[in-house]
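Record features, source TrEMBL:
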type: DOMAIN; residues: 121-262; note: domain 'Peptidase C39-like'
type: REGION; residues: 72-99; note: region 'Disordered'
type: TRANSMEM; residues: 12-39; note: transmembrane segment
Amino acid sequence: MKSSSSTQAGSAVPLILLWIGAILVLSVLLMIGFELILIEVNPIARPSVEYSPQTSSLPILQLGSGGYPITPTPFQPLPTSTPTPIPSPTSQPTLSPSPIPTVKIPASARIEAIRGFPQTLNLSCESRSAVDWAGFFGVSINELEFLSQLPQSDDPNKGFVGNPNGPGGLIPPNPYGVHAAPVAALLRAYGLPAEDIAGLTIDQIKTEIAAGRPVIVWVIFGTMPGSALQYTTQAGEVVSVAPNEHTAIIIGYDPQGVTLLDGAAIYWRSWDTFLQSFMVLGNMAIIYRSQ
C-alpha cells in the first residue's frame with residue numbers, strides 16, 4: 001500500500017502541466033492579439049506617388065485621330081525683330097523767294113510794221129480797226145466779211161447797233177456801232193487771243209506797245225473830248241454810250257503822247273488830249289493776250 005503523499009504528488013503533475021499549457025496558450029493568444037492591435041494602429045505605410053508634370057521624367061504622349069501619337073513640335077521662340085532706326089529729318093535751308101524782276105518800260109516805243117486802210121462804211125470803224133490789227137498778227141480778214149459776222153443787237157456790249165452805213169453822232173437804238181466785247185469774241189473765233197478790257201492804264205498801254213503788240217482803243221471821233229450817256233436796252237440793262245463813238249489803234253508812245261493808226265491815217269496826240277477822249281467809255285480796249 002502506497003502512501004498518501006505519493007498519491008497526491010502523482011495527481012498534481014497533470015494539473016501543473018495543464019496550467020502550463022493554459023498559460024502558454026494564453027500567452028500565444030495575447031501575442032496574436034497584440035500584433036493585430038499593432039496592425040490596426042499602424043497600418044503598413046505605402047509610398048505615395050504624386051504626379052508632377054514638372055519633375056516627371058516620363059513623357060506624356062498625346063494621341064491623334066486613330067490613336068497614333070502626336071509628336072510635339074519643339075517650342076520655337078519668335079524671332080526678335082530689330083526696329084529699323086528712323087532717320088532724323090535733315091534740316092533744309094530756307095529758300096528765299098527770288099525777287100520778281102521789274103520790267104523796265106522804255107521812255108518811248110513805236111511799232112512800224114503795221115498798215116491801215118480807210119474804213120468802207122460810215123460806222124464800220126470797229127471792223128476796220130479789228131482787221132488791220134489781225135493783219136499785223138498774220139491773220140488776213142476782209143472788213144465787210146468781219147462786219148457781217150458781228151451779232152446785231154440794241155446793246156452795243158452784245159452786238160452791232162443800227163445800220164453800219166447810217167449817219168454818225170447818234171446813240172442807240174439809232175445807228176451807233178459796237179463796243180469791245182463782241183469784237184474781241186469774233187477775233188478769237190478767227191484764232192487770235194484777243195481780250196477786251198476796261199480801265200486800261202497808261203503803264204499797260206506802254207507795256208503792250210514796248211512788247212510789239214498794238215492796242216485797239218475806243219475814243220471819240222477825232223480823239224476829241226466827249227461825254228458818256230446812260231442808255232437802257234430793251235432787256236432793261238443800263239449801258240454807257242457816247243455820241244461819235246470811234247476806234248483807233250495805238251502803235252506808239254513817247255513821254256509826251258501817243259501815236260494812233262486811224263484807218264489809213266497816222267497821227268499823234270498828247271497824253272492829256274488822248275486820255276480825255278479815251279476815258280469817256282471807261283478806257284475800253286482790246287489787247288493781244290500772249291500766253
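Easy rule for this one: first residue shown is 1, then count along the chain.
Including glycine, each Cβ sits where the backbone N, Cα and C put it.
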The correct DSSP tally for the domain 'Peptidase C39-like' (121-262) reads 40 helix, 37 strand, 65 coil
On the 0 to 100 scale, where does the mean pLDDT of the domain 'Peptidase C39-like' (121-262) fall?
98
